[in-house]
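Under the heading phosphoserine, Swiss-Prot lists Ser124, Ser138, Ser225, Ser617, Ser633, Ser690. Residues annotated as coiled coil in Swiss-Prot, with sequence analysis given as evidence: 144-627. If you look up Swiss-Prot, you'll see 320-420 marked as region 'Oligomerization'. As annotated by Swiss-Prot, region 'Disordered' applies to 489-508, 663-738. Among the features that Swiss-Prot reports, compositional bias 'Polar residues' is placed at 489-502. Residues annotated as zinc finger in Swiss-Prot: 751-777, 778-804. According to Swiss-Prot, the Zn(2+) 1 binding site annotation covers Cys754, Cys757, His773, His777. Sequence annotations record features per position, and here Swiss-Prot assigns Zn(2+) 2 binding site to Cys781, Cys784, His800, His804.
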Amino acid sequence: MTSFQEVPLQTSNFAHVIFQNVAKSYLPNAHLECHYTLTPYIHPHPKDWVGIFKVGWSTARDYYTFLWSPMPEHYVEGSTVNCVLAFQGYYLPNDDGEFYQFCYVTHKGEIRGASTPFQFRASSPVEELLTMEDEGNSDMLVVTTKAGLLELKIEKTMKEKEELLKLIAVLEKETAQLREQVGRMERELNHEKERCDQLQAEQKGLTEVTQSLKMENEEFKKRFSDATSKAHQLEEDIVSVTHKAIEKETELDSLKDKLKKAQHEREQLECQLKTEKDEKELYKVHLKNTEIENTKLMSEVQTLKNLDGNKESVITHFKEEIGRLQLCLAEKENLQRTFLLTTSSKEDTFFLKEQLRKAEEQVQATRQEVVFLAKELSDAVNVRDRTMADLHTARLENEKVKKQLADAVAELKLNAMKKDQDKTDTLEHELRREVEDLKLRLQMAADHYKEKFKECQRLQKQINKLSDQSANNNNVFTKKMGNQQKVNDASVNTDPATSASTVDVKPSPSAAEADFDIVTKGQVCEMTKEIADKTEKYNKCKQLLQDEKAKCNKYADELAKMELKWKEQVKIAENVKLELAEVQDNYKLQLAEKDKEISGLTSHLENLSREKELKRSLENQAERKMEGQNSQSPQCLKTCSEQNGYVLTLSNAQPVLQYGNPYASQETRDGADGAFYPDEIQRPPVRVPSWGLEDNVVCSQPARNLSRPDGLEDSEDSKEDENAPTAPDPPSQHLRGHGTGFCFDSSFDVHKKCPLCELMFPPNYDQSKFEEHVESHWKVCPMCSEQFPPDYDQQVFERHVQTHFDQNVLNFD
């Protein structure tokens, strides 16, 4: 039994199983025993097997024959076990001159042990003989058989085994004695500890008596603390060592988990790549759809702009018509006044009133058309605002989709780069592993080559010795033959009997010489054959070594190429990162440009909204002008007639409209005003105006309506410009110097300001409350709800109220 030195075998998988007593050659058809040792680094399994492989195998399937490895009895995990397998002779290979080796293969197909190479050769008489030096320190060589040599070795090993067993028994006895001593020492230590505790208790009791005992007690405490600290330190060291072992195990488990996670993440990344490709296609389709929608929205915006231009042209046209109608109305009022001055007949007044009513109907119709056009304009502006908002949201969605598409493309590129890098890493790892395997095989082949070379040198020495021995034997034989010839020549003439005897003796040395020559020739032939075989095997091994070197060079070149490819991939990854940074910068610039466009569009929308408000305010001012003209013309006539003393009697029944008012249903008011119908229109009394300018003539404002017309905003409720004329005729312009009408418009002011008391209101103050505050300063007629300025003459106001009770004036319900 050969002893072997323990080394850290966990570094190589081929050293987890060690094969013992492997010979250099075995008989082909004889039973073969395989001795091997299972190290603590392998866990046996019933499906493990030992196979005979030809040298140069690549996988576990290249076995020649195999036997199942038996499960060792009473196996303890982490211990070494010796096992034996017996291969039957008819399963073994023949004498083919190839090298074989034992390999231990696990149930997972992993090769965990390999033996030294050996051959299967038939025994020859020369091979059974061995030469060895004499143990008696003599220069002679002793020729023995292999069996004898092996028996001697077995006897020596058995003796060594017996000696080792005796030594083991002695060592076991010594260990038992040492264990008993350790137990005794531990008991003594425990006894001493108990005694120490007792002494400490006694010392604590005596501390109150003497100060010296206190000092000794402190010294004992210090010693005890040192011992305990050492014990704690040792315990901590033990705990740290155990923690390190546990950490190593956890690191191994974590590495396994990381490997599993990496495989799982690889599968997830492949799935994610597929999904991202699908999302990329969907993004492309969505991008195309959004571009189509953008084009549609742009076309709709263009059509709405065209409609807006058409509406503006229609509004300008109607404004021109309103101006023309105002001029016509002014001319008609002038004609009415001239007719009132020239004639006082009822028929003329009826005709003039009829014309005035028709003009008022036309003005009212145009006013309703203006209101409808304002509604349509507001609807068009709202539609345009909605389309602009939709366009803005579509652009934002488009930019968002583009950003997502760019991010997806970048992620795809990064994933592709990561996968390529992983592939290169795995390939590099595999190539390195193959190079290490080839280096190991080269080392094994070199060792085998050295052994064969040494054997060849030894055989060459034996051949030289045999040739020297044969030459010496030939020289001795020739000397003997020469001496014998001389003796024969000397005794020829003496006795014929002796000559006959010499003749009879002569053939015996020739036969011995012939036998010796035959034996030496046979040995020389066998030695030459063996030398030829050895040289052939040497050449084969040399060729294999050269092939392995060529393969190593080839793999080294491939490794260099793979490193170059990896560097190129790294450069490509850096370029891709730079491109991504440039794309991000361009995208940020595009975002800034889009923000500028959005800000420009918002400013444009604000300008459009301001223009819209200006248009509405202008329309409202035009409406107020028309209302002021319609209401101020009879009021001026009334005041002039009152001052001159002329009162015209009007019939109680108002004329009915010839074609009716087509906008009567839409002209309804809320509150106390009610609806204006032709038969319910009430006017103040009219008298002949006098053009004297001595007294102050006040043109009162029309009655203010507390309700808003349909389709108009709060900021555009019935307001009138302060600089607007009260009447279009020259007399009204002259009267403007004595009394002016009240008008305010809050759409142009940031804060609302009362024009009478100078009180400021916030911009978001309710318009109806603001109007109530302003109206509270005015004098209101309790009958007709007509408003008068605060500085209006009280007597004139009372006279106005009294006119409602006159018999010649229409009653106001």
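Placed from the backbone N, Cα and C atoms, the Cβ positions cover glycine too.
A Cα-Cα distance of 27 Å separates His804 (Zn(2+) 2 binding site) from His773 (Zn(2+) 1 binding site). Around His800 (Zn(2+) 2 binding site), the same-chain residues at least 6 positions away in sequence with a Cβ under 8 Å from its Cβ are Cys781, Glu786, Phe788.
Between the CA atoms of Cys784 (Zn(2+) 2 binding site) and Cys757 (Zn(2+) 1 binding site) there is a gap of 26 Å, rounded to the nearest whole number. Same-chain residues at least 6 positions away in sequence with a Cβ under 8 Å from that of Cys757 (Zn(2+) 1 binding site) are, in sequence order, His777.
Looking at Ser225 (phosphoserine) and His773 (Zn(2+) 1 binding site), their Cα atoms lie 96 Å from each other. Close to the recorded Zn(2+) 1 site, the chain also has Pro755, Leu756, Leu759, Val774, Ser776: residues not among Cys754, Cys757, His773, His777 whose Cβ is within 8 Å of the site's Cβ mean position. Within the same chain, residues at least 6 positions away in sequence whose Cβ sits under 8 Å from that of His773 (Zn(2+) 1 binding site) are Cys754, Leu759, Phe761. A simple Cβ count within 10 Å picks out one of the modified residues Ser225, Ser617 as the most packed, and that one is Ser617. In the three-state DSSP assignment, the secondary structure recorded for Ser225 (phosphoserine) is helix. Classification of His773 (Zn(2+) 1 binding site) by DSSP places it within a helix.
Other Cβ atoms within 10 Å of the Cβ of His804 (Zn(2+) 2 binding site), summed over all protein chains shown, number 17. Classification of Cys781 (Zn(2+) 2 binding site) by DSSP places it in coil, neither helical nor stranded. Here the region 'Oligomerization' (320-420) is broken down by DSSP into helix, strand and coil counts: 98 helix, 0 strand, 3 coil. Averaged over the zinc finger (751-777), the predicted model has a pLDDT of 80.
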